[in-house]
Amino acid sequence: MVATLERREEKRDWGTFATWITSTENRLYIGWFGCLMIPTLLTAASCYIIAFIAAPPVDIDGIREPVAGSLLYGNNIISGAVIPSSNAIGIHFYPIWEAASIEEWLYNGGPYQLIVFHFLIGVACWMGREWELSYRLGMRPWIFVAFSAPVAAASAVFLVYPIGQGSFSDGMPLGISGTFNFMIVFQAEHNILMRPFHMAGVAGVFGGSLFSAMHGSLVTSSLIRETSEVESVNYGYKFGQEEETYNIVAAHGYFGRLIFQYASFNNSRALHFFLAAWPVVGIWLTALGVSTMAFNLNGFNFNQSVVDSEGRVINTWADIINRADLGMEVMHERNAHNFPLDLASNEILPVAISAPSVVG
């Protein structure tokens, strides 16, 4: 009898907990995905703050030349970063218990893996939490779909690319200057500027910004005035009102005359779907591009592709980019190797037409 009562009480406690977790009446919705999201994101954020401030130098190239990234080791907000795991670790999973000591774990960049893995799990759970809340409120799942774009981009940069390159030392450092360093090295090694997927991503991000600005300015310019001239037009809107707050016919007519008729949407729902889909698809394609370049399926190579009738090379913009790539490649990991392979494989160029005569 006692055991039966205890089981009923446990079931009642679990039911109360489940109801609270999945309740849409809470100020912040938690959900089942939130049970995993909260501890992982808190862990990632805590470790990142501590590492950014006080982490010791990391032997990123695996050649016993540590690189300092924290504030206490001479960096500032711009130059500081959490340095990726050592090249000596490669793509091995490197938790604290795999190291002989905390000092060794820090020296080999263990915090980077801890932060990245917890962060990726956390943002994936955030995405799942968006779907869960939409489902419980009876909404369509497009918020979850839209957020999948930055999740895919983060996964491509922090997980897929290091795996494809064979080492987490090739991952993006967690800092401002580290991000730019990653971009420069990525261009040098993969020629991302000549990758169609990257071009689509640029069109998605900049096009999305343009369309957002156009839509916002059109709506703001065609608001239905409900206030006097001396009051802010924003006071004419009441939260939850059923009436349109702007004149879509006027906005459609203006934009149709500004460009041409069919460039303007006459359906508000189709318009907002387009505003969401354009940048999302662009970022999806960028993530796909980074994921394929992780396995060295690089951008197009048009180097020395234009020649005259006598076979002499006519340099194009592609050759200028190639020269810049070689320069960036030489500067990258300057102590890890003396001469990059892609530089050594090029045709030998003479530095002088003839040697000067030296009179003894």
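Glycine residues also receive a Cβ, built from the backbone N, Cα and C atoms like all the rest.
Database features, via Swiss-Prot:
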{"type": "BINDING", "residues": "HIS118", "note": "chlorophyll a ChlzD1 binding site"}
{"type": "BINDING", "residues": "TRP126", "note": "pheophytin a binding site"}
{"type": "BINDING", "residues": "HIS215, HIS272", "note": "Fe cation binding site"}
{"type": "TRANSMEM", "residues": "29-46", "note": "transmembrane segment"}
{"type": "TRANSMEM", "residues": "118-133", "note": "transmembrane segment"}
{"type": "TRANSMEM", "residues": "142-156", "note": "transmembrane segment"}
{"type": "TRANSMEM", "residues": "197-218", "note": "transmembrane segment"}
{"type": "TRANSMEM", "residues": "274-288", "note": "transmembrane segment"}
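Ranking the binding-site residues HIS118, HIS215, HIS272 by the number of CB atoms within 10 A of their own CB puts HIS118 at the top. Distant neighbours of the transmembrane segment (274-288): 142, 145-146, 148-150, 152-153, 155-156, 197-198, 200-205, 207-208, 211-212, 215, 265; these residues of the same chain sit at least 6 beyond its ends, with a Cβ under 8 Å from one of its Cβ atoms. Residues 251, 254-255, 271, 274-275, 278-283, 285-286, 288-289, 292, 299 of the same chain sit 6 or more residues outside the transmembrane segment (197-218) yet have a Cβ under 8 Å from a Cβ within it.
The Cβ neighbour count for the residue listed as 'pheophytin a binding site', using a 10 Å radius over every protein chain in view, is 19. In this structure, the C-alpha atom of HIS215 (Fe cation binding site) lies 37 angstrom from that of HIS118 (chlorophyll a ChlzD1 binding site). In this structure the C-alpha atoms belonging to HIS272 (Fe cation binding site) and HIS118 (chlorophyll a ChlzD1 binding site) are separated by 33 Å.
Under DSSP, the residue listed as 'chlorophyll a ChlzD1 binding site' is assigned to a helix (H, G or I) in the three-state scheme.
Rounded to a whole number, the distance between the Cα atoms of HIS118 (chlorophyll a ChlzD1 binding site) and TRP126 (pheophytin a binding site) is 12 Å.
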